[in-house]
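The next block holds one structure in the form of structure tokens; read it before the comments.
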Amino acid sequence: MQKPSGLKPPGRGGKHSSPVGRPSVGSASSSVVASTSGSKEGSPLHKQASGPSSSGAATTVSEKPGPKAAEVGDDFLGDFVVGERVWVNGVKPGVVQYLGETQFAPGQWAGVVLDDPVGKNDGAVGGVRYFECPALQGIFTRPSKLTRQPTAEGSGSDTHSVESLTAQNLSLHSGTATPPLTGRVIPLRESVLNSSVKTGNESGSNLSDSGSVKRGDKDLHLGDRVLVGGTKTGVVRYVGETDFAKGEWCGVELDEPLGKNDGAVAGTRYFQCPPKFGLFAPIHKVIRIGFPSTSPAKAKKTKRMAMGVSALTHSPSSSSISSVSSVASSVGGRPSRSGLLTETSSRYARKISGTTALQEALKEKQQHIEQLLAERDLERAEVAKATSHICEVEKEIALLKAQHEQYVAEAEEKLQRARLLVENVRKEKVDLSNQLEEERRKVEDLQFRVEEESITKGDLETQTQLEHARIGELEQSLLLEKAQAERLLRELADNRLTTVAEKSRVLQLEEELSLRRGEIEELQHCLLQSGPPPADHPEAAETLRLRERLLSASKEHQRDSTLLQDKYEHMLKTYQTEVDKLRAANEKYAQEVADLKAKVQQATTENMGLMDNWKSKLDSLASDHQKSLEDLKATLNSGPGAQQKEIGELKALVEGIKMEHQLELGNLQAKHDLETAMHGKEKEGLRQKLQEVQEELAGLQQHWREQLEEQASQHRLELQEAQDQCRDAQLRAQELEGLDVEYRGQAQAIEFLKEQISLAEKKMLDYEMLQRAEAQSRQEAERLREKLLVAENRLQAAESLCSAQHSHVIESSDLSEETIRMKETVEGLQDKLNKRDKEVTALTSQMDMLRAQVSALENKCKSGEKKIDSLLKEKRRLEAELEAVSRKTHDASGQLVHISQELLRKERSLNELRVLLLEANRHSPGPERDLSREVHKAEWRIKEQKLKDDIRGLREKLTGLDKEKSLSEQRRYSLIDPASPPELLKLQHQLVSTEDALRDALNQAQQVERLVEALRGCSDRTQTISNSGSANGIHQPDKAHKQEDKH
């Protein structure tokens, strides 16, 4: 039955055979299109048509990610063996050399030898060696951070997107899907693009989560691996508020015992861990790092990706949507099918009268419709090809965008790491320089102490020499006294011999007295005439007393000399040990300073090597990125140019991409302008700071110059005063010389008197011997007197018997002869006694005269000693004044050293500001950078010339002071008595110390010149580095890093 329009129902249209011999696919697609022309989008027929295609696409896409997930699981959970090649965090290649537990942290660890020197050790940690490798190529990591293949950017999501697009193309060519309305083509295409970009971004974020540090992510969970303070790694065990402080805190169990607690603070436990492994830190100081061993964030992200892919594959027939868009683009310029049918129906109604003509016209129209349907199928196939090509191009563009973003992120991350390394090296360099300065100060202090100890040692040596000289003099005097004692002993022995001879003579006299009685009366008369024996002389007692005093004084001097010698020997030993200790410490500190210098040099070389490596890597990344962009342009230019419409659509797409790129470039340019403005402000601020520092430095230099001039004038006045004092000392020294001559004359007189005293003592000894002999002779005279009385009695008896006995006349004559002889001997003895008395009186008179002379000389000696004491006091005062002048000169040299150190410190701060200015100038545009560089060079030359002039002036002043000091020292040497070696040694030590101070000041001036030259070389090097950095386009990450540091 026919409709009122005269056409057959659409259900029978499928019975016509294809006149061109189309395949079944074309007929099926035509029947579907014919059936959908009269039905709506939400009809059951439409749902049946779209259902199989979507389910098939979903099945195709959902079956693909299975092997990929299994492969990734094997990479993370597979068993690693020693010698296997792996990648640490997916970016650092190396070979496994150790698997197992370690002593520095609990759990399982993997030791890897990296290909590049970007590690942390040489296989040994904490003094324990686990494997052997070169320095900075060994690293210890968790096995969960190792992969058997390098991690590529956006690998998983790109695979899903490619598979989904493949499924769409298959469904498009199969023709099983029904296209929806044309009004949904543009937003669905945008959704496809957004989904592809989103998956690319998710893949990039997944890579960054697995292989690098996420800076802005503060969503921390229990079990996440984090980095605390930029140096300490660990696992999150607690997140929330605490009792010991306000705000959000994060409790971390560290990998190494570098913490402060065991999870409990102030009696409250927040988590459990070993001691020294727990650490609490604010959340803003904690950064989450990749490969969390127990973190659920990875599972959530993979689940979210899987849901995104499944949603994309299960969406209502994305292939049919693309086919509908192509149909809409091809049918938009020609009449629709419904209009064509109405036209044929109107023609058929006008010619209804002729059935034959109508049937022919109907056949023609039917053929025309079939021809149009065939053309429509061909165009649809071509549009499907074009859309697939566009999808591929969009996919490639998305991949290139993701790769570009990944390259930019990696470059920024590497640059940030390089900056952190440079900053750490700078800090270490500053710390090492500070330590070097401290060690240098310590060494200078030790040198000063060693010099002082050497000076004191010289003084002690001079004192010991003086004491030795005194000991020698005392020994000589002792030898003289011993010689005198021996001489006195010999004289005593001689006197004893003389007394023995006298005794023999007395015995002979007794025999003669017994023989001759006649001499008894004469001897008695002589004895009566001789007076009583004289008393003992006081001169002998005085001489004995003086001798005892001399002996006691010699003993005391000997005892004091021995005590002083022992004391000074002990002090000399102690000072020698202290000097040895100081010398050993000085050598030790010198060795430590040399080691620190070597470490600083090694750190600087390693820093430069790392900077060169990072620059080469950045250059290679930039060249690879440029090559990829050129390849993309080549592929876009070399596409198929069969039809004008496809080229137009591609051009429109490219124009849209160009517009997006222009918008991004505009945003980047605005951002760059903002950063350049900020850098300009920073540069202005740095210039102002530099100008202020320069003004301050100029003021300080002027102040130091004035202070130096004042000190120089003060030193000149002090030197003038010292010269006046030296003149006074010269005059006093002349007086001392005159007094010394007088003292020497008095000493000679005293020696002469001592000799006379010794002679008088000898004579007194002789006198004593004579007195003893006289006493003995008196005793003998007494005995003779008794005998004489006996003889007188006998004579009286003889006289009474004279008359009776005449026979005895002859005997009496004999007795008279004997008495005559006895009288003669007694007279001889009396003469001898008179002579001895005269000699004794003469000797006593001489002793009195000598005593008077000795007392006068003693008075003169006392007055001379008083003068000598006063002159010695004056000499000590002059020496103290000279020592004060030398101390002032030493203090002036110390102030010069301090001023030179201050100059070095100010120059160091000025160089730091200049480095900051150079870094700021490096990011400025070309002409402005050149202009600032020229200005900086000119300022640098001016400052360098000023520093050289200052150094030259300081050297001239130092040489002038050295000359004045040498003149004053020469004058001082001319004024001082050459016979005083301690003063000469002391002044020589002072001269050596002042020369050392001047030499140190000159060395420091040379060091300042070397620093100026080194800073000039550093400025040239930084300029070349800034030129290379600006040529490679690295300044934008530097600015971003600076802004992050400011925030």
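Yeah, the Cβs are placed from backbone N, Cα and C, and that goes for glycine too.
Note on the coiled coil (355-525): mean pLDDT across this stretch is 82. For 355-525 (among others), the entry in Swiss-Prot reads coiled coil.
As annotated by Swiss-Prot, coiled coil applies to 564-637 (among others), with the evidence given as sequence analysis.
Residues or ranges marked as coiled coil in Swiss-Prot (evidence: sequence analysis): 677-1017 (among others).
The annotation compositional bias 'Low complexity' is assigned in Swiss-Prot to 17-39 (among others).
The compositional bias 'Low complexity' annotation in Swiss-Prot covers 49-62 (among others).
Residues or ranges marked as compositional bias 'Polar residues' in Swiss-Prot: 196-211 (among others).
The feature compositional bias 'Low complexity' is assigned by Swiss-Prot to 315-339 (among others).
Per Swiss-Prot, compositional bias 'Polar residues' is recorded for 1022-1033 (among others).
Feature annotation from Swiss-Prot assigns compositional bias 'Basic and acidic residues' to 1036-1047.
Taken from Swiss-Prot, the feature domain 'CAP-Gly 1' covers 100-142. Residues of the same chain lying 6 or more positions beyond the ends of the domain 'CAP-Gly 1' (100-142) and with a Cβ under 8 Å from any Cβ of it are 80, 86, 88-89, 92-94, 255-256, 274, 291, 293, 606, 613.
Per DSSP, the secondary structure of the domain 'CAP-Gly 2' (240-282) breaks down as 0 helix, 19 strand, 24 coil. Here Swiss-Prot flags 240-282 as domain 'CAP-Gly 2'.
Summarising the annotation, Swiss-Prot assigns phosphoserine to Ser50 (among others).
Taken from Swiss-Prot, the feature phosphoserine applies to Ser203 (among others).
According to Swiss-Prot, the phosphoserine annotation covers Ser208 (among others).
The phosphoserine feature in Swiss-Prot is assigned to Ser212 (among others); the stated evidence is a large-scale study or a structure entry.
Swiss-Prot lists Ser315 (among others) with the feature phosphoserine, giving a large-scale study or a structure entry as the kind of evidence.
Taking H, G and I as helix, E and B as strand and the rest as coil, DSSP gives the domain 'CAP-Gly 1' (100-142) the counts 0 helix, 18 strand, 25 coil.
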